[in-house]
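Following: one structure in structure tokens, then a few remarks.
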Amino acid sequence: MSSFNELEKLLGYSFKNKELLIEALSHPSLRQHHEYKDNKDYERLEFLGDAVLNLVITKILFSNFASYNEGNLAKIRSYLVCKETICMVGAKLALKDYIIMTYGEEVAGGRDNPNNIENATEALIAAIYLDSNIETTHNIIGQLWAEFIKVQNLTDYDPKTALQEWAQASDHHLPIYCLIKREGAAHSSTFTVLVKVKDYEQIGIGYSIKEAEKNAARSLLHRLKND
């Protein structure tokens, strides 16, 4: 399993049961091949990892943001467990290089598919949890998500709501979002969205329309703050 050594170094964790690590990185496309049909893929681990990630992030926020109410904590958690953030964590670990998939999935762009990266990241969290304990998993998630948790400005967590509130407070019409471009394959598209409030315009790019809208709103808020 030497090919996973670098990944384990980035995680700061060495698996006792390497089969769990392999399962966490096995794409469902493998079941299409007879030689792999009895092998496990990451779908069940992804299900567990999603729950573990939500629990750990909730605990971290509850401990670190004592002055925030339930609504603000929910906004921050939503940002920390969204596809965009999970994919950024997966990118830090270079997970796309470790996912085990069929040749067909790979040539179709599977290594750059945000869904695959998100699913493998969540499955990896579950594998760590099953291989160790909740305390170890908590520490690893805390390290991997540290740069995102440090963001203190609620505007960065929920920029669309913040932009809407700014528009209402300034007696402007509500923000208008328009999809202006979609690029890439169907399963790995990037979207470009334009947001407009009065005479202000800004674009945002993301792996989904929702993500692109949030990025556009965040960029416009930063621009308004600096004007």
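Including glycine, each Cβ sits where the backbone N, Cα and C put it.
Among the candidates Glu46, Glu183, Glu201, the one that Swiss-Prot lists alongside Asn119, Glu122 as binding Mg(2+) is Glu46.
In the predicted model, the domain 'DRBM' (158-226) has a mean pLDDT of 90. Around Glu122 (Mg(2+) binding site), the same-chain residues six or more apart in sequence whose CB sits under 8 Å from its CB are Leu45, Glu46, Gly49, Asp50, Leu53, Ile86, listed in sequence order.
DSSP places the residues of the domain 'DRBM' (158-226) in helix, strand and coil in these numbers: 32 helix, 23 strand, 14 coil.
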